[in-house]
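Colleague: Next up is a structure, given as structure tokens.
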Amino acid sequence: MSVHRLSSSMSSSHHHSSDLSHAQHSHLPSSWFTYGSSQTNEKLYERCLENPFVNTSLRSEASDKQTSKHQVLIELIERSRGEFVSCIKAWVDLIVKTQIDEPYQAMINSSSKYGGGVNALKITARDLDSYTGISGILYMLIYLYIKANSQCTWSSPPPSECSSEGIAEFSPTTKDNDQTNIPSPSPQNLNASLFSLQYLREKIECCLKIIEAVFKTSTIQLDNGDVSMIGGMMGCFTLCAVAYDILGDSTNSELAVTRIEHYISKLCKINVSKNQSKPISNEWLFGRIGYVYGRAFLHAYKTWNENWTAGSSSSTNTITDSAYENDPEIDQVVNEILKDGSSHQKNSYMWEWHDKQYLGSVHGVAGITTILLDIPKIRHNQEVYSKILNTINSIMSTQYPDGNFPSSLGSKTSRLLQLCHGATGYVGLLLKLYGLTGETSYVDSVKRASHCLWIYGLLKKGLGLCHGIFGNLFPFLQLYTTLHDEEYLYKAIRFAQFGCENQSALISTPDHPLSLFEGIAGSVIVLDGLVRCMDCYQGGSVPSSTLIHMPGFDLNLFM
């Protein structure tokens, strides 16, 4: 394997225009005003679109219609489910066509080296990370494959055999301000498997062949940012190991694992030094905690595969706990993370990234501690566990009156409300702490955060997970599956309706519109989880967190 390292920079903060009209001050309901203030939050206001449902709730709709909340929600589910499933089909077909089938065919047809054929299409096949690169597409396919194996609840032909009605042509070279016209397809075949296992295996194999071609023709020069599952080569190696195993290719699966052990593990043990030009970090996107998650991902897949082969299943706690246990490599890297986090304060943790003490889930405390708390040894170590609680309790005291959280220590403005910065990344963490401690203060904080998300969460930046609408939808699913309050399922459905109905204006907004974290590949995963929650509610079952999944943060896809 020769090397040329792709840039690991994250294009996250570009502001893009949208044809969707913005809310005007004269239209703002009283609920748009911040707690204890007579002024709207201009910083958040300028980044969001008008929520047409902001003045409604499940309770108010039931009152207006003089019926029960249950009946209102059932009717909403029946009206929206077909649209959501059709969007999943259309989006997957679009992603597969432009990111797998076309470059794969070009690779086969080209008489020149691989790079020429793919570069002619101007796609990011050489970008191998999971955040915006082809490994993120592989992640989506693996998710769909595992869910199709675990719960075959839908059935229809693979997208290539479905009608293409409602699916617009989408050029992989679409510019940021271009719009794609993707009307919502008519619902069809909603009662069984969404994609066949054979179809998914075929697309996984094509995806692997594209990645293999990059390895054969490029030099992969690793740097410290490559240790993470989502932002670095760790993710590519991890997902290749799983994908090859799915195809029954144990030789290449083991080779991918060997690459992790030989290349990546060494990077994780480098101590942070001010003298390094690029010291290794501990955060989620490019740092050590992302490596820890990647190793746990491999262990969880192995457990899932063994259970599936044996016809058995594991509980959420069992499979998550076992994924983080009995791996000396995880223990060693976690110790480095804790050591670095202890250098600022005695009784709590704080980590730096680019000379800032970030608090959010992608670059800061929320993401690091969310994964640390899944590790049994952390929860059972009273000193470490107490320091984590002290850390989060301290950050809770910085929560703004509008319910949002600062992006970094010392920040005075509530202006970012997305997965990487702000309340979005704190909902799951605080709910996890509520489950561990039973302290209602965490629920109180989460409810304030959810209020902020409901008002300001429909972002202008598109449909993606990191800076988009489906990233801000996910906390409502976390709230619903934890607190079992149907109001949150209602809000998740309303966010999804907005995203699906306005997709033609939003889908091409980000720099990488089809990717896992900026584009609709991640939206597919969240929307799939929402449909599972809707089916669960319609069937009268108690919702579980195993129904939903946020790539890179939990292991629920294996449940």
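Cβ coordinates are placed from backbone N, Cα and C, and glycine is handled just like the others.
What TrEMBL says about a protein is an automatic prediction, not a curated fact.
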Colleague: Given that TrEMBL annotates CYS466, HIS467 as binding Zn(2+), state which candidate in CYS420, CYS452, CYS500 belongs to that site as well.
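Modeller: Candidate listed by TrEMBL for the same site: CYS420.
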Colleague: Based on Cβ atoms within 10 Å, give me the single least packed residue among the binding-site residues CYS420, CYS466.
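Modeller: Comparing Cβ neighbours within 10 Å for the binding-site residues CYS420, CYS466, CYS420 has the fewest.
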Colleague: Can you tell me the three-state DSSP label for CYS420 (Zn(2+) binding site)?
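Modeller: DSSP call for CYS420 (Zn(2+) binding site): coil, neither helix nor strand.
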